[in-house]
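Undergrad: Pasting in a structure now, in C-alpha cells, and then I'll have a few things to ask.
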Amino acid sequence: MTFKLAASPHSHQRRTTKQVMRWVYLALVPGLLTIIYFFGWGVIWQLMLAVITAWVAEALCMKLRGRPIESAWHDHTALVTAILLGISIPGFAPWWIIVIGTAFSIIIVKHVYGGVGMNIFNPAMAGYVVLLISFPVQMTSWPLPVQLSQIDLSFFDSAVLIFTGYTPSGYDLEQLRMGADGMTMATPLDSLRTALNHEMTIDEALQQPIFGSIAGLGWQWVNAAFLLGGLVLLKVRVINWHIPVGMLLGLAVPAALAWMFSPDQSVSPVMHLFSGATMLGAFFIATDPVTAATSNRGRLYFGLLIGFLVFAIRTWGGYPDAVAFAVLLANMTVPVIDKYTQPVAYGHGEKS
Amino acid sequence: MSAAAKKAIETGKIWTFPGGIHPPERKELSNHSPIGQLALAATYVVPIKQHTGAPGEICVAVDERVLRGQPLTQSTTGQGLPVHAPTSGTVTAIGPGRIAHPSGMADIVIRIRADGEDESVPQQGLTDYTQVSRAELLDSIRLAGIAGLGGAGFPTAQKLALQRPIDYLIINGVECEPYISADDRLMREHAESIIDGAEILLHLAGCNKGLVAIEDNKPEAIAAMQDVLQQHPHFSLRVVPTKYPSGGEKQLIQLLTGRQVPSRGLPIDIGLIMQNVGTAYAVSRAIRHGEALTERVVTVTGEAVAKPGNYWVRIGTPVAHVLQQTGFQAQDNEQRIIMGGPMMGFTLPDVDVPIVKISNCLLVPSTTELAPAQQEMPCIRCGACSDVCPAELLPQQLQWLAKAKDHEGLEKQNLFDCIECGACAYVCPSEIPLVHYYRKAKAEIRNIAREKAKAEIARERFEARNERLEREKEQRLERHRKAAEARKKAQQEQVKSGGDNPQDAVQAAIARAKARKAAQQKAADEQASSNDEDNA
C-alpha cells in the first residue's frame, strides 16, 4: 500500500484569503450604515453596480488569461476592491461612473499587472483617481447630509436618479445639493478650501451648517464608524497596527504643528482625522497588503508617508481630499521602503 | 560570555524570540500512558548511515549471526558512528534499501532476521566515569553509536570533542512540536538517568553550569525533573512558555540567554552546547551500563491508530511493524504516514522503511484532525508569515525570489538562516507550501555551488596540466639545446686537439659517393656508345 505524500507542515491554520476578505467587508458594515443614514441610499446602488461590474470584469479577465474562473471568485479580493470603490464615490453619481471605475480597477490595475497579489497600485484607489481626473464634476458632486437636504429620496428614487440623472419628481443632482438658502453646498473639506481661498479664517468657515460638532455633519460619524470597523480588524488580526497608526500620525502630527502655529489658516488635527476618507483610508485602503510595504517597520513608514501626503495635498494641493493620491504615490515608493527596512535576521545582529 | 551576560542568565530570566505560533498541541493523545514495549519484529532493517557524517564500514557478512548491541559497522578513522544490531538474529542481506528520508531515497541497509532469543553482547558499565580519561569516555559514547536524538542526528561525541570554552550546557526537554510526547514521557519516567547523562555531558563539556529547559505544558515532567535536580546543584531548571518553535536550538538559546547564534555559526561559538534529553539518557545508559544505542522512545499517535502512546522501539524496526502493533487502520486514500511531527515531519511513501535514531514520532492522522493541504492560491502579501517567522526573515519575499530562481536575492534575504520550522506555511491564508519552496531553492543553490566547486577544481587541474606540459616541453627543448651545444663543443675540442674532425669523415664519404656515381655514369656512357656502333 502506498500513502499520500505531502510537504510539511501538515498542520494549517484555517484562515483562508477568503476569510480574511470576509472580515474586511464585515468590518465595513458600520461605516456603510452610517453613510446610508447620513447620505441616503445611493451608496447601496453604487455598491451593487460595483460588485456586478467587478464580477463580470474578473470573469472576463480570467477567461482571457485562460485561468479557471471560479478560483478568482473564491478569494473575494475583487469584491473588496468593488466595495471600497463603491463607498468612495459620491452616492448619486451616474451609473456609468462606477462601472467605468470598477472595470478599470479590475481589468487594468489588477489583471494587466498579473492578477491577485501582483498589482503595484491599489486597484480601488487607481480606479478612483482615474474617475476623479476624467469626470471631476460627477466625482465631486457629493450629496448633502439627509438632515440638511430639502428633498427626501427613497431607495428606488435613488436608483432612478443614478440611472437617469433625475429623480422621479424631476429634480436633478444639482438641485438636490442645494441647502435651505438655495446655494449648492459642498463637502466640509471642499467648503474649507473655498473659504480659505476667500481669505476667511477657519473659525468663520466653520460657521457654515455643513460642519457638525467635530468635523462636518455626517462625515465625522462616518469616519468614527470606519474607525470602529478598523479596530475590529486590528482585534481579529486581519491587519497590523503599523499602517493605520503610521497614517494617522503622519497626518495628525503635521496638522497639529500647523494648527499650533497658524490656527486661523489651518484645519485642526481632529478635523483632519475625522473628515474625508481619513479613517476609511487608514484602516481599509492603505492596509491593502498587496500594494503595501512588506515588513512591519516598512509598513509604519509607508503609513507615515501616506498620512503626510494627505496633509500636504489637503493643505497645499489642488484637490480637497487626498487619500487616493497619497496611497498611489506611496505605492510607488514601496520597493525603496522594502529595500531599506529589511529586518535583521536571526544571527545577523549585534546580539549574537 | 561576559560576566554581565552570565549574571543576567543566572537570574533565571526567560527572554523571548520573535514570531512563533500556537498550533493545537494534541499531546494528550499520547502522553497519558507509560512508555510501552512492542513485541519483537520478525525482521529488522538497519541503515548504515543514521547520523550527520560519513557511515562506517560494514563489519558483518550475510548469514552471520549477530547479537543485540553488536556493531554492524565500524570506523577506521575513529570519526564515524557505528550502528548496532537491534536484536539477535542472522544477517540476511546487505544492500540498497529504502530509508526514512523526505525524498524516499535508498541507502545501504543491513537486514536481520530476528531469532527471537534477543540475546545481547556482554555489557560492561562504569561506576565512576571521572576515573576514566576524557578521550576514553568520548570513545565510549561514539562506540555506543549515540547521535543527537532530538532530530539533527549529529554525533554526540564529536560535538563534545571540540576543545573550546563552554559556559553552559543546555539540556533540551522543550519538545515544542505538537503531538510528540516522547521526551515528556522519558522525563517523567527516567529523570534520574537523564540527569545522570547530563552530568556526564557536563563533565565532558568541561563547564560547571547546566540549564534544563522544559515547556510549561508538561507539568508532570517539570515536577519529576525538579525533584531529581535538587541533588544536582550544577543544574538549574528553566520553564519556557509554550510556543512553537521554542525547542529549536537557536530559539531556545535566545530564550535562555537572550543571545543569538551567529549566522552559519554554532552554539559553541558563543560558549554554549545543547543536548536533547533523549541523548542525555542514551549517554547515561552507554556509560553506566555499556549499552549501545539500539532502541529509542517513539511517539505513535494520530487518530488512525487504536493505541496511541509512547513505545520503546528498536532502531531498525520497520514502520509497518510499529503500526501493526499499535492498531493502525488506514482511514482513506488520503491517509498520510508522517515521520516526525505535524510541523517538520515528512510523509512516508510506504511503511517498509525503518525507524532510525532520529525518528521521534510516527503520526498517522485522520483527515479530519489534519486536513490535507488545499490548492495553493496566489500570495496576497498579507505578511502573516513575517509576523510568525522566528528567524525574522521575510518569508513572502523569499517565496517570490525562490519562484523566480533569484539565487542572489535569496542569499541577500538570508535564505540559509531559515530553520524550516513551517510557522510561515502554517499561517499562510493562501496555503502556499512555503517551506517546500525554500528547501527546493536551498538544494538548487547547494547544487550550483557544488557544480561550481567541481568546475573550479576541474579548471585548476586543467590549468595545472597545461602548465606541466608547457614546462615539460621547455625542459625537453632545453635538454636538446644543451645536448646539441655539448656535441658542438666536443667536436671543436676534437678539432683543436688535432684529432679527426667527424665533419671530415662525412665530407670524405660524400666525396667517395660522388666518385662512385661518376664512375658508374662513365661506364654507362661507354656502353651506350658501343651499342650505337653496333646498330649503325
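Just so it is clear, glycine is given a Cβ too, placed from its N, Cα and C backbone atoms.
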Undergrad: Check TrEMBL: it lists B:Cys379, B:Cys382, B:Cys385 as binding [4Fe-4S] cluster 1. Then name which of B:Cys176, B:Cys207, B:Cys421, B:Cys428 it lists for that same site.
TA: B:Cys428
Undergrad: If you measure Cβ to Cβ, which of the binding-site residues B:Cys379, B:Cys382, B:Cys424 are under 8 Å from chain A?
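TA: Answer, by Cβ distance to chain A: B:Cys379, B:Cys382.
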Undergrad: Look at each of the binding-site residues, B:Cys379, B:Cys385, B:Cys389, B:Cys428, and point out the one with the fewest other Cβ atoms around it within 10 Å.
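TA: Checked B:Cys379, B:Cys385, B:Cys389, B:Cys428; of these binding-site residues, fewest Cβ neighbours within 10 Å: B:Cys379.
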Undergrad: Measuring CA to CA, name the entry from the binding-site residues B:Cys382, B:Cys385, B:Cys428 that ends up nearest B:Cys418 ([4Fe-4S] cluster 2 binding site).
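TA: Closest recorded candidate to B:Cys418 ([4Fe-4S] cluster 2 binding site) by Cα: B:Cys385.
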Undergrad: Between the Cα atoms of B:Cys428 ([4Fe-4S] cluster 1 binding site) and B:Cys421 ([4Fe-4S] cluster 2 binding site), find the distance and write it as a whole number of Å.
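TA: A Cα-Cα distance of 14 Å.
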Undergrad: I'd like the per-state residue tally for the domain '4Fe-4S ferredoxin-type' (B:409-438) from DSSP, helix first, then strand, then coil.
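TA: DSSP composition of the domain '4Fe-4S ferredoxin-type' (B:409-438): 17 helix, 0 strand, 13 coil.
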Undergrad: Write down the Cα-Cα distance for B:Cys379 ([4Fe-4S] cluster 1 binding site) and B:Cys421 ([4Fe-4S] cluster 2 binding site), rounded and given in Å.
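TA: Given the Cα positions, B:Cys421 ([4Fe-4S] cluster 2 binding site) is 20 Å from B:Cys379 ([4Fe-4S] cluster 1 binding site).
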Undergrad: If you draw a 10 Å sphere around the Cβ of B:Cys424 ([4Fe-4S] cluster 2 binding site), how many other Cβ atoms fall inside it, taking every protein chain shown into account?
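TA: B:Cys424 ([4Fe-4S] cluster 2 binding site): 30 neighbouring Cβ atoms within 10 Å.
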Undergrad: Express the predicted model's confidence over the domain '4Fe-4S ferredoxin-type' (B:409-438) as a mean pLDDT, rounded to an integer.
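TA: Result for the domain '4Fe-4S ferredoxin-type' (B:409-438): average pLDDT 92.
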